[in-house]
Amino acid sequence: MRPFQLDLLFLCFFLFSQELGLQKRGCCLVLGYMAKDKFRRMNEGQVYSFSQQPQDQVVVSGQPVTLLCAIPEYDGFVLWIKDGLALGVGRDLSSYPQYLVVGNHLSGEHHLKILRAELQDDAVYECQAIQAAIRSRPARLTVLVPPDDPIILGGPVISLRAGDPLNLTCHADNAKPAASIIWLRKGEVINGATYSKTLLRDGKRESIVSTLFISPGDVENGQSIVCRATNKAIPGGKETSVTIDIQHPPLVNLSVEPQPVLEDNIVTFHCSAKANPAVTQYRWAKRGHIIKEASGELYRTTVDYTYFSEPVSCEVTNALGSTNLSRTVDVYFGPRMTSEPQSLLVDLGSDAVFSCAWIGNPSLTIVWMKRGSGVVLSNEKTLTLKSVRQEDAGKYVCRAVVPRVGAGEREVTLTVNGPPIISSTQTQHALHGEKGQIKCFIRSTPPPDRIAWSWKENVLESGTSGRYTVETVNTEEGVISTLTISNIVRADFQTIYNCTAWNSFGSDTEIIRLKEQGSEMKSGAGLEAESVPMAVIIGVAVGAGVAFLVLMATIVAFCCARSQRNLKGVVSAKNDIRVEIVHKEPSSGREAEDHTTIKQLMMDRGEFQQDSVLKQLEVLKEEEKEFQNLKDPTNGYYSVNTFKEHHSTPTISLSSCQPDLRPTGKQRVPTGMSFTNIYSTLSGQGRLYDYGQRFVLGMGSSSIELCEREFQRGSLSDSSSFLDTQCDSSVSSSGKQDGYVQFDKASKASASSSHHSQSSSQNSDPSRPLQRRMQTHV
């Protein structure tokens, strides 16, 4: 070997000695000397080679590892080099206690053993034989470092508010190589995680972070989620887990027992709740008002009808919030009014709408009826009356019925603005010689403007006139006008009294007769005193009397018929009633008396009985027709002429009948007088009224004015009443166009000597035209 090579070798040992911290120069010199001597001996022809060289190895941190180095028959020094630096000479590696040179030295084995591999052992190693001047190939020792235990941020229990998504972060640090992280739930891998790696300062280790997002629908309370980190150092990996704690406000269930329940019975409310975190408070309320006596899960109370519509609420509170739940109770109760119906005031012909609202449980039925009637008008909350009439006025009832529970009703009043309605008794009674009263009851909305009593030629509205006094009293039902007559005489029982009321909608009239009370009472008492046999006897006697009268009437009629055929100047009629119409000067006192007698006779004979009037009208028509067709049977003794009378009677005037606004079916009786003169008299006293007048039959004139009428034949109980109908024009006896027979003075004188009835004018004005007089012969 060349000398410079030896110098280089000595220099290496010097440097090595400094690396080992050898400070004694003498030691190095001795080593150098020894090596030089040994080298000389080895260089004398001996050749050495490696039988074993170090190989690349991978070791997990903390595990032992051995790097092989064997040189057969070499007993010199062996030097182990780590990343270019000598670890020590020979077997002395005291500076690295984790390193040992092992093997049989005599056999040339110089293995390097690392007792516990660490990250700093990760390097390139060489084995060198100094005296033999050989070195091994470099060997790579790779040290694997497992990751630290993975950590899930926020673990081991992660609290999550219900409805929020879950974000988990797991990191595994200080791994070589970098760890791999997977997420597991119930043993299954959860995909969708994201990763990030970070290289540490040593340039060998790495840290990894994984983030997992889970939607709210995939998260369950109490679920465990695992983070597992693995690398080559730990194939089984390391893992950690977290438990999901889903927190939520209370979940409340409110129950009521028993249901359904009758009113005034006890029920129990049970408020059960699940909450995370735990419940801290219960609060009960009804219709927003706190129930102070209830504070726990249960609330017992006695229910009434309000619990059906006003719910009871239970509010449960925990750290996250409150939950409120309400329940009504299926309470059975009778009808309760929620909207009161209102009484109405409407005009005639308008619509009336009533409304009432009820509640009840179970479902109720509503019925509208008019008080006193069994007719159901409506089953709805609303009752509508179209085009109301006066007879629609009255009390209406809204009735509600809850089956098997109860019923209720409300009453309202319908008031109809219209003409007055008089509903007095048409026949009233009084005692002869005593004070008597005739009452006229008037229903009127609006109240009557005027009430007047009229009889004969008298009209009285209020106050006293002679024996007569009028008083008017207002009551809740209507107005009562009373005509009081003092010291009643017989003529008062033969007088027709007229009560008339007016308001802005029209008028109404009632005809009232006064009957003697004593005679009827005596007659009634006599009948009651009679026994049954006496009644039988009277019946037989009456029957016999009637039969006798019928027989006599037949004989008389037969005889009269024979005798009348011989009379001159008389025309025969079908009903054996002869009518003579003559002209006569008025103003006779006797005629006035006769006229009064006729009126009295007509009243005494049934108060204008319908049958008699009908017969007289028919006879008049038939006789007038026959008069027109007859020839003069007296050969000129009587002058038969037709004429036209253009002058109407001034004392009685019938205006065209106007439509009657009064309720139909009301019966009327002729008043026996003209209101034209009455109201003319009233107007002279400064009272201005413009009321349409309707009159039935005038009896204060020599003419009989007849308005076309329809007799109500079904109401025979009151023979003096008949129904007013429309009249197109004024009709009087002087306005007829039929022919009449005019008798001369002689014939009138002879005719007046026979049995007849006369009618004269109320007025005795001699300037008035001749009036015709109706004479009836039987």
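Glycine too: its Cβ is placed from the backbone N, Cα and C atoms.
Annotated topological domain 'Extracellular' per Swiss-Prot: 22-535, in sequence order, evidence recorded as sequence analysis. Among the features that Swiss-Prot reports, disulfide bond is placed at C69-C127, C170-C227, C271-C314, C356-C398, C440-C499, with the record citing sequence analysis. If you look up Swiss-Prot, you'll see N167, N253, N324, N498 marked as N-linked glycosylation site, on the strength of sequence analysis. Annotation source Swiss-Prot lists domain 'Ig-like C2-type 3' at 249-330. According to Swiss-Prot, the feature compositional bias 'Polar residues' maps to 727-736.
Here C314 (disulfide bond) is positioned 73 angstrom away from C499 (disulfide bond), judged by their C-alpha atoms. The CA atom of N253 (N-linked glycosylation site) is located 9 Å away from the CA atom of C314 (disulfide bond). Considering only the recorded positions C227, N324, C440, the residue whose Cα is spatially closest to the Cα of N167 (N-linked glycosylation site) is C227. The Cβ neighbour count for N498 (N-linked glycosylation site), using a 10 Å radius and every protein chain shown, is 22. Between C227 (disulfide bond) and N324 (N-linked glycosylation site), the C-alpha separation comes to 40 Å. The closest partner of C170 (disulfide bond) among the recorded positions, by CA position, is N324; the full candidate set was C69, C314, N324, N498. Counting Cβ atoms from all protein chains shown, N253 (N-linked glycosylation site) has 11 others lying within 10 Å of its own Cβ. Taking CA atoms as the reference points, C271 (disulfide bond) and N324 (N-linked glycosylation site) are 10 Å apart. Here the Cα atom of N324 (N-linked glycosylation site) is found 40 Å from that of C398 (disulfide bond). In this structure, C356 (disulfide bond) belongs to neither helix nor strand by DSSP; it is coil. Separation of the C-alpha atoms of N498 (N-linked glycosylation site) and C440 (disulfide bond): 9 Å, rounded to the nearest whole number. In this model, the domain 'Ig-like C2-type 3' (249-330) carries an average pLDDT of 93. Recorded residues C69 (disulfide bond) and C314 (disulfide bond) have their alpha carbons 86 Å apart, per Cα-Cα distance.
Here the C-alpha separation of C440 (disulfide bond) and C127 (disulfide bond) works out to 152 Å. Cβ contacts within 10 Å of C69 (disulfide bond), excluding its own Cβ and spanning all protein chains shown: 28.
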